[in-house]
Structures are given as structure tokens and as C-alpha cells.
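Here's the structure we're looking at; comments come further down.
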Amino acid sequence: MNLHEYQAKQLFARYGLPAPTGYACTTPREAEEAASKIGAGPWVVKCQVHAGGRGKAGGVKVVNSKEDIRAFAENWLGKRLVTYQTDASGQPVNQILVEAATDIDKELYLGAVVDRGTRRVVFMASTEGGVEIEKVAEETPHLIHKMALDPLTGPQPYQGRELAFKLGLTGKQVGQFTKIFMGLATLFLERDLALVEINPLVVTKQGDLVCLDGKLTADGNALFRQSDLREMRDPSQEDSREAHAAQWELNYVALEGNIGCMVNGAGLAMGTMDIVKLSGGQPANFLDVGGGATKERVTEAFKIILSDDAVKAVFVNIFGGIVRCDLIADGIIGAVAEVGVNVPVVVRLEGNNAELGARKLADSGLNIIAATSLSDAAQRVVAAAEGK
């Protein structure tokens with residue numbers, strides 16, 4: 001789950017990380033009042049969306065008057081910001097962050113992720129701040145310095161000092177960086193984060209370190225014990241179908257094809273998309289209904305898949321292990337009848353009571369095609385999507 005920049009900076013403040021004074025505003029009037037609270041300009045105004053590349057898209061601007069702040073807010077609030085990280089429709093701008101401008105001398109990068117290879121939280125620091133870290137990793141990987149946290153001892157001040165020296169910091173900056181490192185590591189661990197980035201972490205012309213931007217991603221599997229982070233969720237920034245799926249504990253990711261896929265099990269779902277591609281089709285989504293493929297969940301899954309106007313056929317691929325295939329077939333028949341599916345549905349059942357399930361599908365009288373194998377199902381659904 002992603003957080004907005006202003007939410008990230010609220011958390012930074014709780015953990016003692018320095019950031020510019022700022023306020024999130026939902027109206028042009030609030031934006032003007034925020035400037036008065038901050039004090040004399042210049043100010044920086046930023047559209048709050050879950051995407052990078054805001055500056056290049058006009059979503060970040062340095063302004064010198066309250067009139068300019070109002071004009072920026074009037075121009076963006078209620079609109080959609082399109083960046084290289086969004087789709088063509090962009091993401092809605094519901095808040096504007098107004099904060100004090102900072103005199104920048106140097107831009108650095110500091111971030112942390114969970115490294116699955118080492119099974120550790122790994123910090124990354126670089127002198128190449130203000131640009132995408134992926135670009136730095138590709139073009140100048142030697143400029144990225146890494147530091148893994150020991151899960152037994154946690155973050156240690158000496159690790160912060162070591163990174164500070166590698167970044168060329170001196171004097172009081174070493175102490176400031178170490179404090180930021182320790183605070184960020186504590187935030188990462190206590191809040192069950194999956195990713196945190198300060199890009200850029202700037203050195204001001206006065207020689208102080210300031211967190212100029214912030215990006216946080218919380219581990220969705222840990223939100224049950226992070227109630228305050230759950231309340232920060234902004235559904236408006238999510239794909240509506242993905243948000244609907246999350247309510248039913250369905251794992252859904254929208255893609256750009258025309259064949260809807262409904263599968264039980266993430267591995268089987270990925271394999272299903274592969275064989276659809278191999279057969280000449282284009283998957284419209286990844287959807288894992290999980291082990292509990294009940295009629296209710298299958299019904300909601302159909303609703304989600306069919307809300308995509310690009311879908312021309314649906315491929316249901318179910319392996320019956322603990323759950324019997326005849327019961328799954330009953331759920332599919334009930335869901336198709338209830339939702340009113342008007343595109344071909346190809347179903348492949350394998351496992352416990354698969355033959356009985358296939359007979360039920362064939363006798364249902366609905367627009368359901370029972371396939372005999374995985375390859376047969378893939379070929380049938382690709383042909384159906386092409387209108388053959």
C-alpha cells in the first residue's frame with residue numbers, strides 16, 4: 001500500500017527526521033492559508049498522487065506569491081495528473097502539498113527495501129539524488145552504497161556513519177545523517193514497510209540535511225497490525241477493479257489484453273497467462289481467487305473481470321484439490337447466471353471430481369465451454385476472443 005508524500009512526511013516527523021514545514025490542502029483557500037502559516041516565500045506546491053515524475057508533468061512548482069499558489073491549486077485540484085508512471089488517464093489530484101522552499105546545495109539519495117536474496121532490510125545511499133535510483137543502478141552502479149541490517153541487532157549508528165563517509169559528508173552532517181538513518185530504519189521496522197525512499201535527501205546551503213521528498217510503501221500483509229497506516233489508504237489512487245478485488249480478498253492485477261483470467265493459485269494463474277500468450281492471446285488480468293473458490297467469490301471475480309470493456313472472453317482455470325470440482329462448477333454456473341455474462345466462458349477443471357464438474361457445466365445450458373485440457377482451453381479461449 002502506497003502513501004502520499006505528505007503522509008510520509010508526517011511519519012518522518014514522528015521519527016525525528018527533518019523535513020520542510022508543509023500542509024496538505026484540499027481547496028485553493030486552504031493552500032493560501034497554508035502559505036501564511038509557513039511564513040515568507042518562496043514556497044513549493046506539489047500535487048499529491050501515487051506516482052513519480054510529477055515535476056516533469058507540471059505537478060510540482062516553485063512559486064513566489066499566494067496568488068500563484070491559488071492559481072496552481074485551482075488548476076490541479078479535481079484534475080488528473082499524467083506522468084510516465086501512470087496510465088493514459090493519470091491519477092486524481094485531491095490534495096496539494098504547500099511547503100517552504102529549500103535552498104539546495106547538493107542532492108543525495110537514501111532508501112531501504114527488503115532484499116529477498118539476503119532476507120535482510122538493505123539500505124541504499126547514493127550521491128546521485130533527484131533522479132530515479134533504477135537509472136543510477138543501470139548506468140553507474142558503483143555510485144550506490146548498500147548497508148544490510150542485522151535482524152538480531154537492528155540498525156547501528158556506526159552503519160549510518162559509514163554511509164555518511166561514503167557520501168562525502170563531513171562535520172555535523174555525519175551526525176545528522178546518522179540520526180536520519182537510525183530514524184528511518186526504526187520507522188521501516190516498526191511500521192512493517194516494504195519500501196522507503198528519500199529522494200532527494202538534500203544538503204542545504206547552510207550545510208544541513210533535509211528530507212525534501214518521501215515515498216513509503218507499507219507491506220499489505222501487515223496492515224492488520226498497523227491501524228493508523230490502514231487509515232491513510234487512498235482508494236482514489238488505486239485501480240477501481242483492484243480496490244474491489246481487495247474487498248473480497250481476491251488478488252487482481254489489471255493488464256492490457258482481452259482475455260479475462262480467473263484461477264485458483266498464484267502459480268497456476270501465472271502459468272495460465274503464459275499459455276494464453278503462447279497460444280496467441282493477450283491476458284486482460286491476473287486474478288487469483290485463492291483456495292476458497294465459493295460462489296460469492298467467483299461471482300465477484302466475474303464482476304471485476306467483466307467491468308473491463310476490453311474483455312472478449314473469460315478463461316476459468318481451476319485445480320480442485322481440497323475443494324471439489326463439482327462444487328466449483330456449481331459456483332461458476334450460479335455466478336454466470338447471476339452476473340449475466342455475455343462473453344464466451346471457457347472452463348478447465350482438473351482434480352477432485354473434475355469429470356462430474358465438466359458434465360455439470362455442459363448440461364447447464366449457459367454460454368460455458370468445458371475444455372478437456374489446459375492446452376485445449378487456451379486454444380478455445382483465444383479463438384473465442386477472436387470471434388471464431
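Positions of Cβ are set from backbone N, Cα and C atoms, glycine also.
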Candidate sharing the substrate site with G321, I322, V323 (per Swiss-Prot), from N264, N285, N367 = N264
Query = So how far apart do the substrate binders N264, G321, I322, V323 get, largest Cα to Cα in Å?
reply = 12
Query = If you measure every Cα to Cα pair among K46, G53, R54, G55, E99, T102, E107, the residues listed for ATP, what is the largest value in Å?
reply = 19
Task = For G321 (substrate binding site), identify the closest of the binding-site residues G53, T102, E107, D213, judging by Cα separation.
result = G53
Message = Of the binding-site residues K46, G55, E107, V323, which one has its Cα closest to the Cα of N199 (Mg(2+) binding site)?
response = E107
For the domain 'ATP-grasp' (9-244), the mean pLDDT of the predicted model = 94
